[in-house]
Structures are given as structure tokens and as C-alpha cells.
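Written out below as C-alpha cells is the structure these notes cover.
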Amino acid sequence: GDGLSGKCNMLEGVGTLASQPKDSRDSQGESTQPPLALLSFETRWFCMSLFWRNRENRWLSLLRFLSAELTRGYFLEHNEAKYTERRERVYTCMRIPRELEKLMVFGIFLCLDAFLYVFTLLPLRVFLALFRLFTLPCYGLRDRRLLQPAQVCDILKGVILVICYFMMHYVDYSMMYHLIRGQSVIKLYIIYNMLEVADRLFSSFGQDILDALYWTATEPKERKRAHIGVIPHFFMAVLYVFLHAILIMVQATTLNVAFNSHNKSLLTIMMSNNFVEIKGSVFKKFEKNNLFQMSNSDIKERFTNYVLLLIVCLRNMEQFSWNPDHLWVLFPDVCMVIASETAVDIVKHAFITKFNDITADVYSEYRASLAFDLVSSRQKNAYTDYSDSVARRMGFIPLPLAVLLIRVVTSSIKVQGVLSYACVILFYFGLISLKILNSIVLLGKSCQYVKEAKMEDKLFNSPPASAPGKPPNKSQNKCKPSQGTFEENLSASVTSQPVHPKENVIPLLVASSSDQFLTTPDGDEKDITQESSELKHRSAKKDLLEVDRFTICGNRID
């Protein structure tokens, strides 16, 4: 043992000496070379074998580590919940395009129905209202009202439409086109972005102006006057519709310039602006109600883009003398704009639902909520027209867009001769048929969606007769119609006229908690505290029904 330890110590000394340079010398000039020659052959052999054995052990350790890395295993089932959640997220992203497009198609047809109403049924309703107004002295005054509130609103819409149409004749479309075409590409890109923001601002405030006009014109005269009068509200509404129509005309003109540019650079920049929207939306926190608002905004934006593309095609076809070959030249650009808009919406909604843990089934709830608006506007206790409910829900106001489309069509198509007028009449009857068919299909689909969402009990609840601001009684909402009588009640309410409430009864609309807080007097604070606990535990479907109008500027609910 002593000999082996001595040899090991000697080995350490040899290793230390061997690491020194061979020609090293001390301070006196004597050589410091290790005296290897003094070691015996047995000692040297032992040292060399020990050295190679240690080196072999190092290689074995490295090979063992590499082998462990290559054959190391693990079991995913140890964290089954985590991986199941990841798989469900992937399936949700795969379901988003289908569910989103189903909502988009339903919403676009709702906007189309409200848009066709302005061209088809509104003129007929205005004619019937004027006929009643002029023939009323022949039959005597059987009612205290000369006209029903709905007829007053129809006449106001028709007068605003006619006045704004004649005012649009003073706007030169050709001069606007050449003025915009003379600008640089970057300036046009900035202008187009500013127009989009201005359009959202106009839409958010415009329906409030129109609603204020309708309520001021139809408010019972026994009430205390708390407004500035019908005439100022009417002029504000006319000014709003005219300015919004000019704004949409500038948007259409800018898009027309982009289509007619030689290198299509402006069109590419305007399409890339849609992808910037992903950056501003994806990385924000969204609740279900906020996503519902964004979905309504996307529906309105997509339908407006379709109408703008129609206006661009009409103007270009007029310039080329309605040559059908030029339509195929525009067709690729139109498809490219539509495809980019659809792709941006799908990517945006897919990542928003992923980052906020929202399932794809929420879009069926949104579709049921839109269907509920359509069905409820046909009830006896309806408090608004269907087109106005779409405007409040989606921010889509059809009057300015209708004024612009009528202006473009009348300036692009010249009607001369009896045959041309006959074609116009046939086209008008075709629009009426399309409107009726679209309304029937939408009403049937809406009833189906409402039944699937189990929202029938909310349709036939009559507005409670109580003072404004007080929450409704619980006992008044306990009546629940059966499944068998749902179609009968709905068909009866669709085909019958709404019942006018008594003068001493003030109907109460369903209000949110913030409205109750603002309109409740001091003596009713106890009622608010009793109902506050119930408002905290309301379901998501009730919250969706209380989202009255899209707050376009902020993607939030006040």
C-alpha cells in the first residue's frame, strides 16, 4: 500500500514536471528537467497505464451521457389537462373561419335587408302616409293623432333622402376624382386612413341624431317640452346625412383612383392597411361583449366595402361605355380586395379567441342575438323599426349610403324612351321581390336561431308599466310560452299591427344598470341596491342583448 501511494505521489510529481518546458532553467542557470531517467521501468509503466485508464473513463462517461440523451423518454399523459387544452385551442382556430363566416353572411344579409328597405318599401310607406294625411279630412278625425309615429318617421326619412339627393347634385364627382388623382401615393394613403376614422365617428354619432329627430317629432304633446324643436333637429339630420354621403363619396373616389393607377401601388398599400388592423386588435384584452362589438363592426365594414366596390365598377363601366370586357379587367382587383378583407378578419378573430380563451361557439350566440333583434322588431310591442335596430347594433346607417348610390346610378345611367322607363319599373319590382324574399328567409332563419338559443321567453314579455328608471317586477317576467305556441304567436305578431299604449301608461324599455343609475331618483336607491346583486350574476346572453349600439371608436362598453 505504501509503495502504491508512493507511486501515485510520484505520478503527480511527474505530471507536474512534465507540464514544464523541457529547457527551463532556474535562476542559477541549472537545468530543471525532471529526472525521468531516475525512475525505474516498472514505475514508468504503471504511470503510463494509470494515465490511459483515466482517459478511457472520460470517454466512457461522454458516451454514456450521449446515450442517455438519445434514449431518454417521457410521458405526455402525466400532464393530460395541459395538452388537451392545447389541442382544443387548435381545434378552435380551425373552427373560427367557418363560424365567423356564418355570422358574417347572416349579418351581411341583415344589412342588405335594411339597405333594400330604403329603395323598396320606404317609398311605398311614405306614399301611404301622405295619402292618409291628405285624405284624413274626408273621413273626419277619429283619432287624436293625424299620423302614427311610424308614419311620421317614414315621412321624415323620405324628406331627408330627397333633400340630400338634390344637394348631392352640387358636388362634382369628376372634379373630385381628378383632384384626388393628382395627389401623391403617401398622401392618398393618409387621406384614406383619415376617412376611415371619420366614417366611424360619423356612424357613432349619426344614429343618435336621427333617433333624437324621430323622438322629438313623435313625442306626446302632453309632456313637458325638453327639446329645442323639430326644425333644428331636422336640419341637423339633413346636414349629417349630406356630410356623411360626401365622406363616403371621397372614399369611393380614392378607391377608384387606386383601381385605375398603372402600377397598382396605391391599391396594394390600401390592402396592406387591413393587416395593420391585426396589430391594433390582436394584442388587446377582449371580453365576449367586446368581441361582439368588433364582429358587428366587421360586418358593417365588409358590407360597406361591397357597396363601394359596386360604385367603383359603375363609374368605370360608364367611362368605358359599358363595355363588358372592361368588367373582366376589374374583376381580379375586386376579388383581391374581398379576399384580403376576409383573410384579415379570419386571422384577427382566430388570434383574439386564442389569446382570450374564447370558444368558437360564441359566434352562434352572436348570431342568435342578431336574430333576436330581427324577430323582436316584428312584435306587437316593438319600439323601433328594423332598419334602425340594425343601425344601433352594427353602426350601419343606410341613408347616406343610399343617397350616394342613387346619385351615382342616376348620373351613370341615362333613362330615355318608354322602353327604358319600363325596364326601370321592372327593375324596381325585382328589387321589391328580392327584398320580400330576403326578409322571409331571414325571418325563418332568425326564428330557428332564437329557438336554438332558447330565447323565446324574452320575445313575448310585454314592457312593464312602471315609472321610468325603476327596474321591472320579477313577477311580470315569469310567463314563459311553450314551444308549440311559439310559431303561432310569432306569425300573429308579424301580420298584425302594433298596439298603441294607453296615454296614462308609460312603457319602459329594457335598460342597463348604468341607465337605471342615471335615471333613478333619490327615493329609489334601495331598489338599486336590491337589484345590484342580481345584475352581477346575469348570463352572457342577457349581456349581449343589452349591447345597444356599437361604440365604434373604442371597442368597449360604457
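Heads up, the Cβ atoms here are built off N, Cα and C, so glycines get one too.
These figures come from a predicted structure and were not determined experimentally.
Feature annotation from TrEMBL assigns compositional bias 'Polar residues' to 473-484.
The compositional bias 'Basic and acidic residues' annotation in TrEMBL covers 526-539.
Annotation source TrEMBL lists region 'Disordered' at 460-484 (among others).
Look at TrEMBL and you will find 516-539 (among others) tagged as region 'Disordered'.
Per TrEMBL, transmembrane segment is recorded for 154-171 (among others).
Nonlocal intrachain contacts for the transmembrane segment (234-259), taken as residues 6+ away from its ends with a CB within less than 8 angstroms of a stretch CB, comprise 156, 160-161, 163-164, 167-168, 171, 173, 176-177, 180-181, 188, 191-192, 195-196, 198-199, 202-203, 205-206, 209-210, 213, 266-267, 270, 304, 308-309, 311-312, 315-316, 330, 333, 397, 399-401, 403-404, 407-408. Per TrEMBL, the feature transmembrane segment maps to 234-259 (among others).
As annotated by TrEMBL, transmembrane segment applies to 396-413 (among others). Sequence-distant contacts of the transmembrane segment (396-413), counting only residues of its own chain at least 6 positions beyond either end whose CB sits under 8 Å from a CB of the stretch, comprise 111, 114-115, 117-119, 157, 160-161, 164-165, 168-169, 173, 202-203, 206-207, 210, 241-242, 244-245, 247-249, 252, 299-300, 303-304, 307, 310-311, 314-315, 317-318, 387, 390.
What TrEMBL records for 419-444 (among others) is transmembrane segment. Under 8 Å from some Cβ of the transmembrane segment (419-444) lie the Cβ atoms of residues 106, 109-110, 112-113, 116-117, 119-121, 374-375, 378, 494, all in the same chain and six or more residues away from its ends.
Within the same chain, residues 118, 122-123, 125-126, 129-130, 147, 213-214, 217, 234, 237-238, 241-242, 245-246, 249, 399-400, 402-404, 406-407 sit at least 6 positions outside the transmembrane segment (154-171) and bring their C-beta atoms closer than 8 Å to a C-beta of that stretch.
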